[in-house]
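Annotated features in Swiss-Prot:
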{"type": "BINDING", "residues": "His11, Leu13, Gly38, Glu60, Asp83, Asn101", "note": "S-adenosyl-L-methionine binding site"}
{"type": "SITE", "residues": "Asn105", "note": "site 'Interaction with RNA'"}
{"type": "SITE", "residues": "Thr198", "note": "site 'Interaction with RNA'"}
{"type": "SITE", "residues": "Gln202", "note": "site 'Interaction with RNA'"}
{"type": "SITE", "residues": "Arg204", "note": "site 'Interaction with RNA'"}
Amino acid sequence: MVRLKKSFGQHLLVSEGVLKKIAEELNIEEGNTVVEVGGGTGNLTKVLLQHPLKKLYVIELDREMVENLKSIGDERLEVINEDASKFPFCSLGKELKVVGNLPYNVASLIIENTVYNKDCVPLAVFMVQKEVAEKLQGKKDTGWLSVFVRTFYDVNYVMTVPPRFFVPPPKVQSAVIKLVKNEKFPVKDLKNYKKFLTKIFQNRRKVLRKKIPEELLKEAGINPDARVEQLSLEDFFKLYRLIEDSGE
């Protein structure tokens, strides 16, 4: 019997209806390559294999779970014992659909890694904490990761999933989100862009002129006395380009 490890933040989704809904949101067609993050006991893996995909890669860090997944025995399935928060998705193909019930303690890192691999991931469907889903949409306590993701993807809220649909039940509500690639602004150096965003989100209560030269804010058409949460997606990009060009 497979044991769940608390350190991995594992909560297994056991609702057949929700599992099917997640798979449906991927719009799997014949010839598609799908990457599942954190296959666990294979509940979602088995549902995905009911679709006409060409190849299913499952990235799973827990070695005990890896052996369990391999026992499914489908020739289209390949299990990879790696950390999905660092794994180069694009090494698996040029166009991938990524999916997963993400462990809560590393969900943000996996989503960040998905953005770094955006050139080969036009679509991703993830289960995350409801609070994380709302933040990513920019509807609640927007942070740097929300802006980072929304620069390259539309974030769609699919459904809320209550704790009773998991084993063991988490203490919080969960949600399914769908990321659809829609690069709104051309950013070449993603690590530099992340550095800019994390810096601007530090000391959120400070007005922007305390963090960024006032002349750059005015050139971007931004009120120097505004705070970071008042900026639009376009504001962030304009400011980033100006700072990049000025060498600040």
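Placed from the backbone N, Cα and C atoms, the Cβ positions cover glycine too.
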Secondary-structure category, per DSSP, in which Leu13 (S-adenosyl-L-methionine binding site) falls:
strand
Where the distance is taken from Cα to Cα, which of the recorded sites Asn105, Thr198, Gln202, Arg204 turns out closest to His11 (S-adenosyl-L-methionine binding site)?
Asn105
Per residue, counting other C-beta atoms within 10 angstroms of the C-beta, which of the binding-site residues Glu60, Asp83 reaches the highest number?
Glu60
Here the Cα-Cα span from Arg204 (site 'Interaction with RNA') to Thr198 (site 'Interaction with RNA'), rounded to a whole number of angstrom, reaches 11
Where does Thr198 (site 'Interaction with RNA') sit in the DSSP three-state scheme?
helix
Would you say which of the recorded positions Asn101, Asn105, Thr198, Gln202 has the most Cβ atoms within 10 Å of its own Cβ?
Asn101
If you count the C-beta atoms lying within 10 Å of each candidate's C-beta, which of the recorded positions His11, Arg204 ends up with the smallest number?
Arg204
In the three-state scheme derived from DSSP, which category covers Asn101 (S-adenosyl-L-methionine binding site)?
strand
Whose Cβ, among the binding-site residues Leu13, Gly38, has more other Cβ atoms within 10 Å than any of the rest?
Gly38
